Amino acid sequence: VRQATNQIVMNCADIDIITASYVPEGDEEIHATGFNYQNEDEKVTLSFPSTLQPGTGTLKIDFVGELNDKMKGFYRSKYTTPSGEVRYAAVTQFEATDARRAFPCWDEPAIKATFDISLVVPKDRVALSNMNVIDRKPYPDDENVVEVKFARTPVMSTYLVAFVVGEYDFVETRSKDGVCVRVYTPVGKAEQGKFALEVAAKTLPFYKDYFNVPYPLPKIDLIAIADFAAGAMENWGLVTYRETALLIDPKNSCSSSRQWVALVVGHELAHQWFGNLVTMEWWTHLWLNEGFASWIEYLCVDHCFPEYDIWTQFVSADYTRAQELDALDNSHPIEVSVGHPSEVDEIFDAISYSKGASVIRMLHDYIGDKDFKKGMNMYLTKFQQKNAATEDLWESLENASGKPIAAVMNTWTKQMGFPLIYVEAEQIEDDRLLRLSQRKFCASGPYVGEDCPQWMVPITISTSEDSSHAKMKILMDKPEMNVVLKDVKPDQWVKLNLGTVGFYRTQYSSAMLESLLPGIRDLSLPPVDRLGLQNDLFSLARAGIISTVEVLKVMEAFVNEPNYTVWSDLSCNLGILSTLLSHTDFYEEIQEFVKDVFSPIGERLGWDPKPGEGHLDALLRGLVLGKLGKAGHKATLEEARRRFKDHVEGKQILSADLRSPVYLTVLKHGDGTTLDIMLKLHKQADMQEEKNRIERVLGATLSPELIQKVLTFALSEEVRPQDTVSVIGGVAGGSKHGRKAAWKFIKDNWEELYNRYQGGFLISRLIKLSVEGFAVDKMAGEVKAFFESHPAPSAERTIQQCCENILLNAAWLKRDAESIHQYLLQRKASPPTA
């Protein structure tokens with residue numbers, strides 16, 4: 001007690017306090033006489049009959065809480081035993097503000113403490129917490145119950161405390177630094193924990209060397225939880241995961257699942273240092289935790305699995321996704337001021353994670369690895385077991401590198417958006433003069449407004465002489481700049497943003513662009529630069545700065561493309577265009593275009609893996625066959641049907657990598673019988689990954705009554721609560737009718753859906769997946785009106801972003817539909833020669 005008071009205020013939610021008392025050191029116990037709950041603020045005030053004097057003492061609270069079904073706080077998770085009996089485990093999820101649902105506490109990241117935890121549990125259950133068990137003794141009143149006592153934790157934040165009680169098997173190993181690593185799996189599935197165990201055992205020493213700080217606890221457990229809202233949670237020493245983010249079955253897991261597990265394990269273990277040992281001061285700085293972990297997970301996977309080419313995948317998975325969101329007027333800066341708990345949930349989005357990771361990748365490139373590591377070590381050492389803000393990290397990196405880190409980075413974290421760099425070139429004798437200018441990039445077209453925000457942009461420039469090294473690096477710190485590149489011959493191309501590392505988009509003059517395009521066809525531009533060029537052009541077309549037909553022409557230049565990630569990004573963009581054109585009467589024509597673009601690579605790859613192929617070939621084959629099958633490519637459809645029949649009859653089981661594309665293809669072009677077979681496969685699947693795989697493609701079905709059947713299935717007991725969202729989202733993304741039906745279904749079942757997911761980010765994801773495909777102005781009004789009468793506070797920003805996207809889609813359609821149609825017709829009349 002710092003100053004005399006007769007009240008103690010703390011966080012508390014859904015908890016009933018029975019008695020509370022304060023015992024001053026060496027004095028009489030004082031019993032609290034009043035408990036005043038402020039439910040809105042999730043606080044309780046304890047009132048005492050006499051004044052508590054300054055000094056130390058002990059607060060004792062006797063309380064009752066509930067094991068809820070909300071997937072937050074201390075909650076119950078349903079699972080089925082191998083014999084088919086339904087049982088419950090008790091598990092926790094406290095981030096961001098739900099430790100207060102498990103015990104009254106000061107539930108803020110900067111109020112750190114040590115925790116001595118004991119759990120009283122049935123003796124045939126596994127009990128785990130952050131630390132190792134130090135004592136296990138029979139419980140006096142009941143011989144079937146034991147008291148399990150855990151070692152004292154380091155000084156830590158409440159949101160990282162965890163406990164789990166349930167039935168689990170485990171596999172274990174020691175990392176080369178002597179840390180005991182275990183992966184806990186559902187009973188009978190210990191085998192499926194081996195892949196994650198290997199990744200974790202390799203990752204801990206990697207981070208220890210990278211940060212030059214040892215892992216601070218004696219053990220780390222990774223555990224698969226049946227009902228889990230997020231992908232995973234980095235509780236210190238006891239990391240919880242969705243089953244699909246941790247379990248790998250050598251026979252039944254596809255390549256993308258292995259990669260996902262490796263990334264999520266890398267992400268959560270990075271937090272053990274960055275987040276757990278050093279924690280953000282307040283949720284405003286959440287991005288530091290998440291952006292950093294989302295960047296370094298790739299570094300770690302690249303170290304463990306160089307064959308994944310994971311940094312190219314980063315551009316398509318994180319960088320372009322962040323730019324898409326950040327071009328909206330309803331985006332937000334990386335650093336957001338946060339007040340109420342519902343506002344905290346809202347910032348777990350693509351800006352905190354993906355833009356955060358992207359600007360850290362840019363920063364790492366700007367500083368260089370050696371100084372970056374040195375700065376990281378200074379930061380972690382200085383603030384260990386304490387809290388830090390964004391500025392503290394900049395200060396450490398500035399000291400290590402001698403560069404103006406804070407000045408540069410403030411332009412990326414304190415204002416929203418990013419720049420579009422316009423560049424034109426002029427040959428002057430043997431040199432090339434570049435004129436650069438920057439303006440904010442907006443999804444709605446050129447920035448109009450008085451004071452255009454400015455960024456300090458680290459820019460790299462390469463030429464065809466050496467496409468993989470920068471000829472020049474500059475820091476663009478003003479609206480316009482001229483740069484002279486020495487000794488560049490007239491026939492050489494010049495490209496900005498080598499490796500697509502800088503967080504900006506580039507618009508080239510038509511002459512510069514013309515000279516770059518052959519580099520796509522002949523692959524002389526590196527893969528990540530081919531991807532970046534195509535993605536920039538697509539987003540410029542979407543914003544109405546260039547015509548969509550220009551981009552379609554560029555897409556046709558990718559016929560010889562071998563790289564999985566480049567195809568994946570191209571495929572995403574064609575998917576966006578397909579969805580847009582489903583609002584027209586020439587949807588079939590764009591499907592023809594998709595078939596033309598994808599069939600040459602489809603023929604080259606074929607259906608079966610060839611000797612010497614690896615991870616990326618498997619991913620590419622699945623992507624291409626799925627794209628061709630969905631578009632109704634005849635040969636692909638026939639082969640998919642044949643293989644599906646053999647699979648169902650048990651003659652020839654489909655390899656895990658082919659299941660998604662085959663399931664999708666037969667459903668999209670199938671009937672009620674096909675859907676029934678899929679639902680039966682779903683029921684029989686023992687592995688959550690297979691259930692999810694089926695859930696995600698069910699929306700491809702086309703007839704209105706089958707779509708209804710899928711939507712009803714989404715809310716049934718057959719689907720885990722966290723997976724309902726992807727079933728409904730799949731219907732909305734599956735077809736034009738599906739989109740309308742999913743939106744109606746959400747409105748009709750709003751109460752149930754909202755109760756399930758309120759205040760978590762799943763509600764935002766549900767809304768985004770189900771409405772962002774609309775392209776009629778009046779739909780934006782309808783969505784807005786619905787949520788005005790059915791508020792969802794933690795999804796408020798998502799709803800604004802969706803409405804903005806619907807209006808942007810409508811404008812895009814008005815602007816370009818006719819010219820796209822003409823181009824597709826003219827292509828049909830005179831097919832291009834390959």
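Keep in mind that glycine also has a Cβ here, set from the backbone N, Cα and C atoms.
Per TrEMBL, domain 'Aminopeptidase N-like N-terminal' is recorded for 2-160.
Residues annotated as domain 'Peptidase M1 membrane alanine aminopeptidase' in TrEMBL: 195-412.
When Cβ atoms from all protein chains are considered, those within 10 Å of His267 (Zn(2+) binding site) total 27, not counting its own. Marked as Zn(2+) binding site by TrEMBL: His267, His271, Glu290.
Residues or ranges marked as active site, proton acceptor by TrEMBL: Glu268. Cβ environment of Glu268 (active site, proton acceptor): Leu222, Ala232, Met233, Glu234, Val239, Tyr241, Ala293 lie under 8 Å away, each six or more residues apart in the same chain.
The site 'Transition state stabilizer' annotation in TrEMBL covers Tyr353. Its own atom aside, the Cβ of Tyr353 (site 'Transition state stabilizer') has 23 Cβ atoms within 10 angstroms in the protein chains shown.
According to TrEMBL, the domain 'ERAP1-like C-terminal' annotation covers 493-806.
Comparing Cα positions, Tyr353 (site 'Transition state stabilizer') lies closest to Glu290 out of the binding-site residues His267, His271, Glu290. Looking at the domain 'Aminopeptidase N-like N-terminal' (2-160) alone, the prediction's average pLDDT is 95. Neighbour list (Glu290 (Zn(2+) binding site), Cβ cut-off 8 Å, at least 6 residues apart, same chain): Phe348, Ser352, Tyr353, Gly356. Neighbouring residues of the recorded Zn(2+) site, listed in sequence order and excluding His267, His271, Glu290, comprise Glu234, Glu268, Ala270, Phe274, Gly275, Asn289, Phe292, Ala293, Ser294, Glu297 (Cβ within 8 Å of the Cβ centroid).
His271 (Zn(2+) binding site): 24 other CB atoms within 10 A of its CB, across all protein chains.
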